[in-house]
Amino acid sequence: MLAYAMRRLLLLIPVLIGMTIVTFSIIHLIPGNPAQTILGEQASPQAIADLEERLGLNEPYWVQYGLYMKDLATGDLGTSLRTNKPIMEEIWPYLAATIELTIFAMIFAIIIGVNAGIVSAWKQNSWFDYLSMFIALVGVSMPIFWLALMEQWIFAQELGWLPAFGRDNPRDPIISTTGLYVFDTIISGQFDKTWESIKHLILPGIALGTIPMAIIARMTRSSMLEVLRSDYIRTVNAKGSGQGVVIYKHALKNALIPVLTVVGLQTGNLLGGAILTETIFSWPGIGRYIFEAINYRDYPVIQSGILVVATIFVLINLFVDLLYSYIDPRIKY
């Protein structure tokens, strides 16, 4: 297992280097002079020259890339042009907010999706099977922004059950050390604020997790049906084992392997694709952070944000690969 993990880690090195090349090249793909694009058409030649010197844009490409990699090796993502603050310090609260939202959304998607898929396969062609697969089809097809707006209208505006915006109560803000509000409030014993944080997570979490939930449900059903029709399951049934034992002890473990792939991909997609949900719910996440940087032409932030999200996506897929080898020891490639 350790040797397999080391091989997978070594294979990540060229992938990560490739990502740095792509993210670094973004600023060089801007038509015209990048410094003038950042400062605007009315900028003076001296201001443009000063910014080129500050960003190192007057150096050859390979020299700039070498300096960029040197900074990355020391944990320096650069400085925001808009706030003039180190990006490494500035980006974490936004990233933590998106991580917390993504975790909640995926917990919702996995619990509902996996169990719906299992029962649908177990009760194939029943009313539950047809209903759950219809809901899954609607979930895959439903626009996130429409679902988010309906949630706000029904549960926040009409019923008043849940908050529609933000991460916490602005009148009683949460003092966080890690940026993960639920974790921090549990550790500090502020359970009233824990519930407040969870209430703020419910609507955006469901909106963000609906599509992954539908995909996971359909994949789980398909995988379970394939496993339930295999020879070894027929043997287990012939021995008189109960349906619960057959499903959860013998079939589920093998059926989860393709589902893990979907979970890994969807988790990575949510991290980088939550911008619409974050905008509708005023969630201060990494998607909104990058979007605001695009509006302000803050290219160092754009580079760093894309690199961080891409790196997390790759690490999630590494984790899924390691889970494969744990669930099925035959997978050693």
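From the backbone N, Cα and C atoms, a Cβ is placed for every residue, glycine too.
Listed in Swiss-Prot:
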DOMAIN    95-324  domain 'ABC transmembrane type-1'
TRANSMEM  10-30  transmembrane segment
TRANSMEM  99-119  transmembrane segment
TRANSMEM  130-150  transmembrane segment
TRANSMEM  197-217  transmembrane segment
TRANSMEM  256-276  transmembrane segment
TRANSMEM  300-320  transmembrane segment
Item to check | Folded-back contacts onto the transmembrane segment (197-217), same chain, C-beta under 8 angstroms, at least six residues removed | outcome: 100-102, 104-110, 112-114, 116-117, 120, 132-133, 135-140, 142, 144, 147-148, 151-152, 155-156, 162-164, 166-168, 174, 181-182, 185, 259, 262-263, 266-267, 269-270, 274, 277-278, 280-281, 283
Checklist outcome for this item: Counting only residues at least 6 beyond its ends, the same-chain positions whose CB falls under 8 A of a CB in the transmembrane segment (99-119) are 128-129, 132, 135-136, 179-183, 198, 201-202, 204-206, 208-210, 212-224, 247, 252, 256, 259, 263, 266-267, 270-271, 274, 277-278, 283, 285
Checklist entry - Near the transmembrane segment (256-276), which same-chain residues lie under 8 Å Cβ to Cβ, leaving out any that are not at least 6 residues past its ends? => result 98-99, 101-102, 105-106, 109-110, 114, 117, 144-145, 148, 208-209, 211-212, 215-216, 219-220, 223, 283, 285-288, 290-291, 309-310, 312-313, 316-317, 319-320, 323-324, 327-328
Next on the checklist: Cβ under 8 Å, sequence separation of at least 6 from the ends of the transmembrane segment (10-30): give me the contacting residues as numbers and ranges.
Outcome noted: 37, 55, 57, 61, 64-65, 68-69, 72, 299, 302-304, 306-307, 310-311, 314, 318
